[in-house]
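Student: Got a structure for you, questions after.
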Amino acid sequence: MKFIKMHGLGNDFVFLDHFSIAADEDYPELAKKLCHRQFGIGGDGIIVILPSQVADARMRIINSDGSEPEMCGNGIRCFARYVYDQGIVTQNPMRVETLAGVMTIQLTIKEAQVQGVRVDMGEPILRADLIPVLGQGEPVVGKTLEVLGETFQYTAVSMGNPHCIIFVKDLATLDFERLGPAIEKHSLFPRKTNVEFIEINSVQEMTMKVWERGAGPTLACGTGACASAVAAVLNEKTERTVTIHLPGGDLFIEWGLDNHVYMTGPAMYVFKGEWLEN
Ligand SMILES: N[C@@H](CCC[C@H](N)C(=O)O)C(=O)O
């Protein structure tokens, strides 16, 4: 099976181009195998490129543990670059169907090369029952979370997928490896959650460390960056336009006055190859 490896700020994915070849694969099982860092290709997830009835193409993302999330910010930038470079989609902006709805993506092209990708990530979802988060009242901003004997203030935002954002004074002293998985599976979150720890640098800049639902620690999370930018505004910590520093690099996020969140960042190729099935 042929594949392409791509990443957005080190958040890495194995892409399967099944746009024109109908494939009858068990993608969740395949994701667990392909994403394994020793026995497979290695990745935070797989992304499947499919035809769509309602948009220019359809993206399916499966986490490395085999679960299927609604959306992936870093993945959709890579997806857009690949389908454009391959001539699968020639429109710019293009429209891509996901489980979180149809996203519009604008590519910056210079001398026939994709230089950058800006995604309209849609409107943030703040209703507790839709995020979903249990019994917290509306909006879920600055609420209390008890975990592993510690108490935190958190804000919950969905960008199609759920995020729990916690502002901390110092990322360096955080017990990230224990807190991340405990919050991901906390009983407040019936569909589990992605967890973003944020240190505010200024009203236009923040630093983020992310523990992803179904994938663990990753170098970047696009939906997480968008949700964190929204949470920072709701908590009166930043302006609506921010640069977010992640372990894998920077994302530029704008929460527009039209209530849409816009994400700009890179999309990079790593290599292509053939999976020798086992
Ligand atoms: N890294 C992605 C998000 C992938 C999905 C996430 N793990 C979930 O289960 O919701 C991004 O860049 O947004």
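Each residue, glycine too, has its Cβ placed from N, Cα and C.
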Student: Hey, TrEMBL has substrate bound by Asn11, Asn63, Gly73, Asn74, Asn194, Glu212, Arg213, Gly222, Thr223. Any idea which of Asn92, Asn161 it lists too?
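Tutor: The record-listed residue among the candidates is Asn161.
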Student: If you count, for each of the binding-site residues Asn11, Asn161, the other Cβ atoms lying within 10 Å of its Cβ, which residue has the minimum?
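Tutor: Candidates: the binding-site residues Asn11, Asn161. Fewest Cβ atoms within 10 Å: Asn161.
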Student: Which three-state DSSP class does Asn161 (substrate binding site) fall into?
Tutor: coil
Student: Given Gly73 (substrate binding site) and Cys221 (active site, proton acceptor), what distance in Å do their CA atoms have, once rounded to a whole number?
Tutor: 7
